[in-house]
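Worksheet: one structure, shown below.
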Amino acid sequence: MLFPTTFALFLSSALVWAAPSPTVRDCGNTLTGAELREAKASFAAHKAALSEAQLKAAAGPIQVFWHVISKDTTIPGGNIPDSQIAAQITTLNAAYKNASLTFQLAETDRTVDANWFDKATLGSVEQTEMKAALRKGGVLDLNVYTVSFKNDPRNLLGYATWPWDYAAKPQDDGVVIHYASVPGGDLLPFNLGHTLTHEAGHWVGLLHTFEGGCEGEGDEVSDTPPEASSASGCPTGRNTCTADKLDDPIHNFMDYSDDACMTEFTSGQVERLTAQIAAYRI
């Protein structure tokens, strides 16, 4: 293992279906300089050995296995309808269009389990049980689990596994998100579907745009401007690294802006995610 297998987005207030929406989201997991250096060295070794066939195969399509976890059969209870799942897949494909990466909904299953719905979270017994029972497919198949995070004191919005951890822990692989973050959910201002866009970015190996702050190589992508800290809202013109004259990448899907503010991946991020998929998911 290179470093912690998952990372999480945290919300500033507790969430229920129609609760007042949070205004800020954070990441609760950070990577040390040593962890980043180790990851970089590993990726460099894998990348050097990639073939053109592997890079071409990295375009997918990625099959999505969607696991709806709910406490009952109502939407407020987590039983999101097929229409919202379809809208989320459409949103995901639109976001990754410039990466030529496509996602296809392979299957949706529904499980009524209040324990999993409320308690499945990072490192929990319930998460382990849930994934062991439900995960489907292989290394290039994205498993998405929707839950409430109600009992998590950190008030999670979502989290994902890194691609380089699949070989060691394939059953853990996937993304867990808040059920109301999908398009049409009530989780304003995070209800346009970009929680999954962001988490899928981590699943294909992208780091946060603010990784490392203003110093060093940050997110290991040369065309994302350095950023001292995560953004919130949509702070146009923000520049937290004053040694340059570049605005922070607040519109990037790998920042923490509101969903409506997120619009792009850079060419460098596309190159990285393609190579990450080829290195670890082909």
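Including glycine, each Cβ sits where the backbone N, Cα and C put it.
Note that TrEMBL annotation is computational and uncurated.
Residues annotated as compositional bias 'Polar residues' in TrEMBL: 227-238. The feature domain 'Peptidase M43 pregnancy-associated plasma-A' is assigned by TrEMBL to 190-277. If you look up TrEMBL, you'll see 215-238 marked as region 'Disordered'. Sequence annotations record features per position, and here TrEMBL assigns signal peptide to 1-18.
Residue counts for the domain 'Peptidase M43 pregnancy-associated plasma-A' (190-277) under DSSP, helix first, then strand, then coil, are 24 helix, 2 strand, 62 coil.
The average pLDDT for the domain 'Peptidase M43 pregnancy-associated plasma-A' (190-277) in the predicted structure is 94.
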